[in-house]
Every structure is written in C-alpha cells, then in structure tokens.
Amino acid sequence: MPRLYIDKEFLPGYAKLEKTVQRAVDKALDMFGQHTHAGLHLEKLRNPKDQRIRTIRITDFWRGVVLAPEQGDEYLLLTVLPHDKANAFATSKKFTVNQVLGVLEVRDQTALEGFEPALAQVAGATADRLFDRVNDSDLTRLGVDKELLPIVRLLTSEDHLLALSALLPEPQYNALVALASGMSAEEAWQELSAYLVDAEPPETIDQDDLAAAIERTPDRYVSVSGPEELADILAHPFAVWRVFLHPRQRRVAYRPSHRGPVLVSGGAGTGKTVTVLHRAVFLAKRLPPGDGKDILVTTFTRGLAESLAEQLRLLVDDEAVLARIDVLNVDRFANQVVSAAEGGHPDIVDQPTYTRLWQAASRATGGALSASFLQSEWEQVILAQALPDRDAYLGCDRPGRGRPVRTHSPTRQQAWSAIAGVLDELRRFGQRTHWQVAEQAAELLAKRSAPPYRHVLVDEGQDLHPTQWRLLRRAVARGADDMFIVSDPNQRIYANQVSLARLGIEVRGRSNRLTVSYRTTHEILSWSVRMLAGLPAQGLDDAEDTLAGYHSPMHGRRPVVQPFPDRYAEQEGIVTKVREWLDAGVEPHAVGIAVRTTAKVKEIRAALRDAGIPNTAPSGVRVNTMHKMKGLEYRCVLVAGVDAGTVPASAALTPRDEDPVAHGQDLHRERCLLFVACTRARDALHLTHAGPPSPFLT
Ligand SMILES: Nc1ncnc2c1ncn2[C@@H]1O[C@H](COP(=O)(O)OP(=O)(O)OP(=O)(O)O)[C@@H](O)[C@H]1O
C-alpha cells in the first residue's frame, strides 16, 4: 500500500498557489491514496544528484517534486514549483540519512560542487583551516558525511561556513557551527542530541529505510495516514505547529506514558503551549469511551485559557475528543469547585479595597511594618504553606522571604495581629481573594472520594501560587500521566516562588527543556535576553535556569530603541511607527503595544484613536500592560514608555532600606516583565522612551 509523506517546506508554497492549482495538487495527491499512483507518471530526470528523485505533472506549468525510492511504496512530496524551477530543484538535491542521528537530511549537491573550486582557491593561499584541530573521526562521529569531508576540509573561516548554511544538511551544518565556535566534540554532541526523538541515538541506521528516517525527523516530515488527514493538513498550511513538532516536543508530548508529573521548561516561544496542546489531544484520544471531561487544561488567566481553547480547536476538530477536555483558567476552576459546594459564586474582593486593607493594617502597627511586608507575609508565608493558626506562623520557616524575622519574635506577633485584622475585615464583608478560594477548593477536593480529572495539564506554571498548586494536585489522582506542567522561570512576573517538590508534585527525573525559539528571531531573542542581566531564575524543580542553549534559527532586523524628549513627542513617534507597520501590510491586530501602567494604556489608546488607527479587539492594534501580554504574540511589538522613572515601576519595588533581598527579587521580576514584553515579537521589536531610558536598557 503506498505511503505518502509531506515535507514541511511544501506547505507555505501550497498556501500561495492559486486555487485551481491547489485543486490540481489535491487531485495528484489523491492518486497516492487511491492506490493509483501508476497514473501519476513519476518522471525520471536527466543527471539528478539523487537517483530517487522524480517529478509529477500537476498542470502544464506546475510540477511536483517527489522522493520515490525504487524499493518500497513510499513517496515523499517535497515541493510544487513551476516546471523549470522544479527541474532545477529536483536535479540538485541529494537526500541522505544522517549516519549518527538517523534523521532524513537534504543538501544542495549542485550548489556545493559549484562552491568547491572557489573554496579550494582561497584555501590554496593559506595553511590555516577552520577545522584543523578536529580529526576526521570526530567529524564522522558527529554525523558529518564522508562525501562532504573534502569540502569541510577546505573551509578557512566561519564566514565561509556561514555561506554554506542553506546548502549543507542542517544537522551537519549545526555540528560544524558548534565545533567552529570552539566547542569540543563532546559539547557539540550535546547540541546535536536535540535532534533525537528518543533519549538515545538509534542503534542501527539503514540508509535505505526512508520510513524510519522520516519517523525520526518529525520537525520536517510527516506521514499522512489518508485523504482525511491530508485534507486537514492542507486546510491549515500556515499552522505548521499542528503537524511538525521539534523532536523534543514530540518526545515529551507523545510518550506513551510518563510515570508521574512531568515538567517541561523552556524560554519564551520555544513551543511549551504547543506541547501542552498536543499532549492533551494525545491523552484525550486514548481515553476509554465515556462522556466525562476527564482532562483539565489550565493556565493563569481567562484570556490565556480562551486562547488555549481556540488553539485546541485548530489542532483537533473531533467533537468527541474536544468534549473530553476542560479548558479553564485556574481561578475559574477554583471558583467552580467552591460554587458547587456553596451554591453560589464566592465574592472576590476588588484590588483597591484589598490594597486599602493592607494599608490600614500597616497603620495599625504604627507604620512599623509596611503594607507590602504584611501582605507578602500573608500570601507568601501563611497562605503559601497553608499555616492553620497563630502558633504555626510564629514558629514557621519563611523560605524565599528576604528580611529575616526570628520565630516567636515580637515582630512576628505584631505581624500576625495585623494580618488577622485584615482577614477579619474580609470575613466581615463576606469577601475572599482568589488564592483563598483556591485553598478552600483544594480542601473541598481533599474530602471528595474521587478527584474530578484523570489528567491535569498546566501552562504558564511559573506564576501559580502554592494554593493553586495544591488545588491542581488534588484535582487528579497520583499516578502515571497525572500532571503535565510547562513553565519558564525567566518569565515569572508575580511573586510566587514555588518548589513543586515541597507541594507533593515530584518531577525529579521527568524534567525536560525546550531550547529552540519558534516565535522570534535570533536578533530579538539575544537582545531581549540581555534584559535578564545573566541572573539565573529558579525553576519549579528547584534547579537554576540559565537559558543555556536557548536560541533561534530565524534571522531578522535588530530591535530599535528610540528616544524622545517628552511623552508628547513619544506619542507622535508611536503613531508614526504603527502607521509605518500598517502601511507595510501588517494587519492591525498583529501589532502589539506593551506598556508598564494602565494609565499609559489609556494614553496610547487615545493617541491612536485621535490618529484614526483602530485599537479595539478583535481587529485593531492591541495596547496592553506588559502583564497582560504574557503568553501572547504579535508580528510587530512596540514597548513604549521604557523610561527611567517607569521601568522598573517604583510601586512594585520593596524599598532597598526596608528589605534589600526583597528589593533585589522585585527588581529581577521587573526585568522579567520587560523580557516577557519584548519576547512577544515575532518579526519586529521597537522600544521607545521619553527622557532618560530605563536602567535595564543601558
Ligand atoms: N513545532 C513547531 N513548529 C512550528 N511552530 C511552532 C512549533 N512549536 C511552536 N511553534 C510556534 O511558536 C510560537 C510560540 O509557541 P508557544 O506559544 O507554544 O511557545 P511558549 O513556549 O508557550 O511561549 P511563551 O512562554 O513565550 O508563552 C507559536 O507561534 C507557535 O505556533
């Protein structure tokens, strides 16, 4: 039975074809499925670099290029191009199976041969070679093809290697880049292991086994099971994330079973959310028949949950599968549990009232303890550890808190009285915070005979509060595939420093990292990473995350920082920049503007409105606070008001003289916030400031 595979590169080309040509492609592809491939007229080429390449007629003008081994019944559709281009493409490419990784790789053999004389000429003039210090056996051990060794040995500079980037097979090029950057063969191998779908390289590699090689290359090739799947793939040619996963994403999302909770961490845009969605669908599809919602996919805010639900619908349209998955933000889930028990929604205290209560509590201590100190003691010590009473608080450890306060000291007693006053007030009004509701929901679930879900998947895990983790832990029975958590500690923008192990969520031995950014360019990424000033962040598994290996294969323009003398000039500058993007064809909703304060949001929305630029959802330019940008992405991002007085926001910082440790933590969180805003950009990042720039920019 014929088997059809598709190259990822084919899809964007397909999307651009005229509808009539698309239909002709569909018809040709149908023939593979209908076992009538004989009717496809696979044409051989004259002098191809790879004897297995054929072309097929789509129309008089368009041709498909297919890899079709003599043995077997397998066809890999590579591209559809105008006749002459298709022939040139088809004759020049050579496919090989990487001798170490076992992945299918492609090179432009004709272009490489064309380059060789020029490289030989340059090499003739010098004795220095780029890979002098690396021997042939190390190169071979890293998968460099014997046939390519002669050309590799001619390279004299990194620039020449760079010039071959589009011609060499990608894994081999990356191995060479790693070595050229000074890595040892061992270190280069660590980089390459990212290509492995399994933890270990394959034991045997059969150069002729196309199907096995394709299975090992999920980021580039996909096997199409039948006409329905083909139609589904072709219906969303730009959403390649639905079909092609990085080997590490695939390894973790499609592993038949994880023995317990799994943690996947990774920098911004490395496809954590995508991995969650694939895992959810994988788990949903293999559930025994039933009609319950057995899977919870949860995240931080309602907006993010909506976006998850939307993406889930794009990934799978089978209503029976979707019906098994609840997508709820964690507050809403807590709310549902408590409402069901109480017969009504809990009344959540609003932010200004809550802030006033803490200010009053601080006054009650005669100003000896600040409002922010008291609030943090309540949220990050008492509530975080679910301390039941005064005695528990007076004697507890306070991990993660800056200013030391001795156990049973008068300060603790004073803090407890002030905090108890706030809790009494809340009770008097019949109000609660979201975290109190989460704690209550966790307690309610603990009393139930069976937890509500079979699997819980968590996105944006870095910002959840311990009460929310306790709730989620109790929402699912302990065991295989119970919890699947993704998180980026460098994007922590709230004060919740959590150790999963301390909360009974044991991920040891099941921590995974994603390192390739699918969202943004190398230029935007490396620039944004500087915001973090090299400060390590602590992961949910208690390990330090340094973003080692985090990179992007895409390239684009460097971010621009534009100074203005005052905020009026800045507003004009913002309008001009947005217009420039819109005039260049960027859709308004693909432009995101991030600012530090809600006041600034209003100001910029007004400026855009005055300039006649639409700025309301769903189709207008999005203007939001940096906090609200979390988890989202835009083609073009403008971060405005990055001024010395605004970023970091002084209100978000514990004064240094009050608590230097807390001050340092707050400052780091402000850096993370700017990092989050900057890494929302896919193609372009522009920053503006009025007056002196934020210290984070200098
Ligand atoms: N395997 C893939 N192939 C193509 N695109 C991908 C792949 N994985 C993720 N993407 C795309 O990369 C972008 C970022 O993915 P995603 O939102 O999952 O990253 P993230 O790690 O959750 O990001 P953040 O932490 O910044 O919110 C999205 O546009 C997504 O569609």
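Keep in mind that glycine also has a Cβ here, set from the backbone N, Cα and C atoms.
Please treat TrEMBL annotations as automatic predictions, because they have not gone through curation.
As annotated by TrEMBL, domain 'UvrD-like helicase ATP-binding' applies to 245-532.
In sequence order, VAL264, SER265, GLY266, ASP459, VAL486, SER487, ASP488, LEU514 make up the list of same-chain residues 6 or more apart from LYS272 (ATP binding site) whose Cβ falls under 8 Å from its Cβ. The ATP binding site annotation in TrEMBL covers GLY266, GLY267, ALA268, GLY269, THR270, GLY271, LYS272, THR273.
The binding-site residues under consideration are GLY266, GLY267. Their Cβ neighbour counts within 10 Å are lowest for GLY266.
Listed in chain order, the residues near the ATP site other than GLY266, GLY267, ALA268, GLY269, THR270, GLY271, LYS272, THR273 are ASP488, LEU514, SER517, TYR518, ARG519, each with its Cβ within 8 Å of the site Cβ centroid. Minimal Cβ crowding within 10 Å, among the binding-site residues THR270, THR273, is found at THR273. Residue density at GLY271 (ATP binding site): 23 other Cβ atoms are found within 10 A of its Cβ, drawing on all protein chains shown.
Its own atom aside, the Cβ of ALA268 (ATP binding site) has 26 Cβ atoms within 10 angstroms in the protein chains shown. Under DSSP, LYS272 (ATP binding site) is assigned to a helix (H, G or I) in the three-state scheme.
Per-residue pLDDT, averaged across the domain 'UvrD-like helicase ATP-binding' (245-532), gives 96.
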